[in-house]
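Okay, so here's the structure we're looking at.
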Amino acid sequence: MFGSQVIPPNKSPHLRKSDGEQGNTEMEGLLHSTEPSDLKIPSLPISAAAIMPSPILLWRFKVLLFFLWGVFCCKIGWDSVMRMSVNLRDLFLYEAFLYYNPLLLVTMMVWLWGVNLWVFAQSTISYAKIFDLDQNHLTHREIWKVATWMTIIVPISMTAYLYLYSHGEVSLAASQPVFLYCAVALILIFPFDIFHLSSRYYLLRTLWRIVFPLQAITFSDFFLADILTSMSKVFSDLERSVCRMVHRQVATIAWFEADSVCGSHSIGIPIILVLPYIFRLFQCVRQYKDTKEKTALFNALKYSTAVPVIFLSALKYHVLPDSWTNFYRPLWLLSAVLNSLYSFYWDVTRDWDLSCFTRIFKFNKPSLCSYLLHGRKWVYFWVIGSNFILRLAWTYKLSAHLRHNYLTVFTITALEMVRRFQWVFFRVENEWTKMSSKSNLQLSEISSEEKDKLLAPSDHNV
């Protein structure tokens, strides 16, 4: 193999000749190197690279198209709304907003989750190890691609809904949210290896374990369940939207009646609102059964405090006004304050393990310092203060009797998404710190055992 003779090409400059011909060959090679035909060979990749646009230019072009598309959708939607009568406009906008604001909020959450993964990728935190993900897990770039498509498709469907309804095509307008919801459901359960099959099934399996906690609770199980509690308003609006689709009430205003099966007084609203907290409570009970840690019971008590807030608020539609003002409303306020303060305390001391604010003022223990933020005190001040304020506002979205202003509720729900987005950083960081400390402890125990074996007296005679 290595001893075989290699025959170079005829025009190779490395072809060895006799001493008499070597000088002529060098001169011919020099002349050949200056010919125009040979100059074109190295210039081809340079010219091809010059034709291809730069990645920055392509990115700017995509951003420009995205901006123009947004302006186009806003223009069509505004003109469509202005065609309606004043009396019908507010009612129709409320209904259109009800169908599409859940998917818009889910899209926002996907964007924020991509930002979480991007920050983790820049740090020393291995989120794939924390969530026990395989090598095919989605990165932040792929998450952002999914969010981009969601950002494009959902507003297009909403614009088509407004346009068709304002132009008298009521049946076609009513089909737009139905097609969109069906498409989302089909993509989630699509059995073929497209649209990130492994990630979709990982999400569905985790949701199944949340609804039926029949096995040991993993970190990804209660992590996703905590996120679902922040999206309880989204699930409530999804239930109302699907109810209208099933009862053929899309693009109508019949459901505004108090006795409507899908109306705002429906008993299904508080039931759907409370389900994420019930699922999380059952997880805590299962965790206590497996570990016998009392902390799990106190955590279950925290989620149980959300139940009175939801159902006392819903009683306003089913009791007399005097009874609500004199008895049920004070109870609702008391339960709301208790739930907010308890949840805030648990976030700071348990989920984030800030140890009653000691990490804000003292950073004497480097192992407790943040891997992400490197002990920047202003970040802790900000996240604790904003978490306290948003926890108080979070009670607003759980209250069914405060839903008359849908824009206010949408804003508060979006702020709750931002609060959960901040919570993710510190919760994952705390889990990574625990895993690192546990690994270091196991390594130190193994090294001490090996050291004891080496220092132990031997019974063998030399």
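Glycine is treated like the rest: Cβ placed from N, Cα and C.
Just so you know, TrEMBL annotations are computer predictions that nobody has curated.
According to TrEMBL, the feature domain 'EXS' maps to 260-459.
What TrEMBL lists as region 'Disordered' is 1-27.
Look at TrEMBL and you will find 57-78 (among others) tagged as transmembrane segment. Outside the transmembrane segment (57-78), and at least 6 residues removed from its termini, the chain residues within Cβ reach (under 8 Å) are 152, 155-156, 158-159, 162-163.
Beyond the transmembrane segment (98-121), the same-chain residues lying 6 or more positions past its ends with a Cβ under 8 Å from any Cβ of the stretch are 127, 138-141, 143-144, 146-147, 150-151, 154, 157-158, 161, 177, 180, 184, 227, 231, 233-235, 237-238, 240-241, 244, 250, 372, 406, 410, 413-414, 417-418, 420-421, 424-425, 428. Taken from TrEMBL, the feature transmembrane segment covers 98-121 (among others).
Look at TrEMBL and you will find 142-166 (among others) tagged as transmembrane segment. For the transmembrane segment (142-166), the list of distant contacts is 66, 69-70, 73, 76-77, 80-81, 83-84, 92, 96, 99-100, 103-104, 106-107, 110-111, 113-114, 117, 172-173, 176-177, 179-180, 196, 251: same-chain residues at least six beyond its ends, Cβ to Cβ under 8 Å.
Through the fold, the transmembrane segment (178-195) approaches residues 103, 153-154, 157, 203-204, 241-242, 245, 250 of its own chain, all at least 6 residues removed from its boundaries and within a Cβ separation under 8 Å. Marked as transmembrane segment by TrEMBL: 178-195 (among others).
The feature transmembrane segment is assigned by TrEMBL to 267-285 (among others). Among residues of the same chain six or more beyond the transmembrane segment (267-285), those with a C-beta under 8 A of the stretch's C-beta atoms are 210-211, 213, 217, 221-222, 225-226, 228-229, 231-233, 235-236, 238-240, 243, 296-297, 299-300, 303-304, 306-307, 310-311, 313-314, 398, 400.
The annotation transmembrane segment is assigned in TrEMBL to 297-315 (among others).
What TrEMBL records for 378-394 (among others) is transmembrane segment.
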- Task: Grab the same-chain neighbours of the transmembrane segment (378-394) for me: Cβ-Cβ under 8 Å, and only residues 6 or more beyond its ends, written as numbers and ranges.
- Result: 230, 340-341, 343-344, 347-348, 354, 357, 359-360, 370, 412, 415-416, 418-419, 422-423, 426
